[in-house]
Amino acid sequence: MSGRQRSVAAAVHHQRQLSDNPLDMSSSNGRWLQSTGLQHFQSSANDYGYYAGGQGGGGQAARGYQNAQRGNEFFGEPTTPQYGARPTNQRKNNDESEFSPGLLDLHSFDTELLPEIPVSNQLDGPSLFNPSQGQSFDDFEAYNKQPNRSRVLAENLAAEKERMNAVAKIKVVVRKRPLNKKESTKNEEDIVDTHANCLTVHETKLKVDLTAYVEKHEFVFDAVLDEEVSNDEVYRETVEPVVPLIFQRIKATCFAYGQTGSGKTYTMKPLPLKASRDILRLMHHTYRNQGFQLFVSFFEIYGGKLYDLLSERKKLCMREDGKQQVCIVGLQEYRVSDTDAIMELIERGSATRSTGTTGANEESSRSHAILQLAIKKSVEGNQSKPPRLVGKLSFIDLAGSERGADTTDNDKQTRLEGAEINKSLLALKECIRALDNDQGHIPFRGSKLTEVLRDSFMGNSRTVMISCISPSSGSCEHTLNTLRYADRVKSLSKGNASKKDVSSSTMNLRESTKIPLSSALPTPSNFDDDVNEMWTEENDEFDASDYEQDKQMWKKNGKLEPSYNGMAQERIPKPTIQMKSRDMPRPDMKKSNSDDNLNALLQEEEDLVNAHRKQVEDTMNIVKEEMNLLVEADQPGNQLDGYISRLNTILSQKAAGILQLQNRLAHFQKRLREHNVLVSTTGY
């Protein structure tokens, strides 16, 4: 037995020397064994009984060489031939210049069967390479020096990691808040049921005969949090998994979306502080002495303009660099090293943020607030250079979306703010839709908000969306719009299962087409507003494929199917609704004109403020010139004619500047009156 082991060890040692070019051999396995002096290896392999009888010695030696490379044991089923073994009569032994197909198959099988190797049980049983049987650890060198094995394992792990990252690129979480006092006073009911990562909305509708019925809408997301979930659990579910990734050159973003008063600010407020604690802990322990630094910045987007919340609302400018990366010029960043400083900065910025009272919420956020935690690393050996950005974690508290019907008691300025908010949210939705459809052009420049969020959806990024919904029956339409919006975002994540509501949403569209007056019976005074509002929301969900399917239902044998049963009233309005869908460009044209007017008003406002600022600067220069003139007038021997001439010139300059500013102001007032924005002209 010891002689047989020595012969096998010698065979393995000799094969290791030839492993650099294992295919450079003769096709005749018997001649190959003779040339290497391994004639006795054939009998040794037969004694182990690993191959079935009748096989040639060359095939057995090749199998022994394969198992020597893999480090497998020669125990198990002794009479069972290995899968894929070829008889010797199929091998080409005539021409010595040709390779043996058996040896070529060994290498292909080696790569194919690699994941099936039971590594954990390598040293169990009577293995030929077990050191307890008298052999040294040098015999393992042939097994350890296998670049193909490690390369395949590395490629498999990299591919698996890439697949996991692709699935988790965008995570959508829905949070349901409890009923508030205002909703409880109105006796509104909770119409949202949550279970695991699913939720169901029970929408109450009316048929044509005013019979009430309940329609269920089911949605599936990555996580659904009910009203009992605390902010700590929200953080563990949403932000905590992405915090370690920002040290790996990844930009992560967490933003909250929902109607005004749905709890977005309440949800987002504690998340940055909790994330900063974890970041500092990683910097001080896991990445200690690696030069990482934490910087905090806080700004808002109000009325299409950027303001620094940590520098007394200083106005900022957004620019793009040569790499098409968004840069905010003038944004103040504060380096922090403890959570107390971060808490102070967050409280100071939150107190400066623009808020207002609307018909739907007494403390509504009227701006999009962006808090950024940037990880930077100092340049080694050169402390004079600024640190380079490694990763970034952004928290975006979006302003609440609102409908025109909810803002009837708001003033003109609040309505103007709401129009700008809805415009930016619509631009964000268009970007998400373009990404979902794999379009070549993504309209990120539709608003300032989408420009800021560009790096959140492009490149190596991670995004967490928290959709906040209200459970009350009075906010059912808002809730469904928010959930459909979140489902659109979720569709960006490849391989997701959040398409559960596709069939129900298609049924909802058909149902609304059948009974257009089932949702409500508006009064004549509000009918036009409700129709415009209905088309604003329905146009986003309209699909030509659904129309074609409905068209097949209308027709039977090339004609409209006559029916005089109880469903006749539901079939009659369909052509009317279809005629309205043909007129869809009209509301789009009206909406585009409204956006153009809004942009023009905002631009004129900015021009007026800049003109006023320039007038103040010119006035200060004129005042300095007047003071110098008075000093010269007090000097003895001053010429009176020169004093009068210079004074006349100064007064003319002052009058011309004031007149020009008054004309610009009067023109701007006229434009505001045309668009019914100014409530009164008091104070002008």
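Using N, Cα and C of the backbone, Cβ positions are placed for all residues, glycine too.
Remember, predicted model here, so these are calculated numbers, not experimental data.
Pulled from Swiss-Prot:
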BINDING   GLY258, GLN259, THR260, GLY261, SER262, GLY263, LYS264, THR265  ATP binding site
COILED    596-626  coiled coil
COMPBIAS  18-31  compositional bias 'Polar residues'
COMPBIAS  79-91  compositional bias 'Polar residues'
COMPBIAS  580-594  compositional bias 'Basic and acidic residues'
DOMAIN    169-492  domain 'Kinesin motor'
REGION    1-31  region 'Disordered'
REGION    71-103  region 'Disordered'
REGION    574-594  region 'Disordered'
Response to the item:
Ranked by how many other Cβ atoms lie within 10 Å of their Cβ, the binding-site residues GLN259, THR260, SER262, THR265 are led by SER262
Worksheet entry | Same-chain residues near the coiled coil (596-626), Cβ under 8 Å, at least 6 residues beyond its ends | 303-305, 416, 419-420, 423, 647, 650, 653-654, 657-658, 660-661, 664-665, 667-668, 671-672, 675, 677
Worksheet item: What residue among the binding-site residues GLY258, GLY261, GLY263 has the most other CB atoms lying within 10 A of its CB?
Response: GLY258
Worksheet item: Including all protein chains displayed, how many Cβ atoms other than that of LYS264 (ATP binding site) lie within 10 Å of its Cβ?
Response: 26
Worksheet item: Helix, strand or coil: which one is THR265 (ATP binding site) in, per DSSP?
Response: helix
Practice prompt. Name the secondary structure element type, per DSSP in three states, that contains THR260 (ATP binding site).
Written response: coil
Item to complete: Quick one: average pLDDT across the coiled coil (596-626), no decimals.
Response: 87
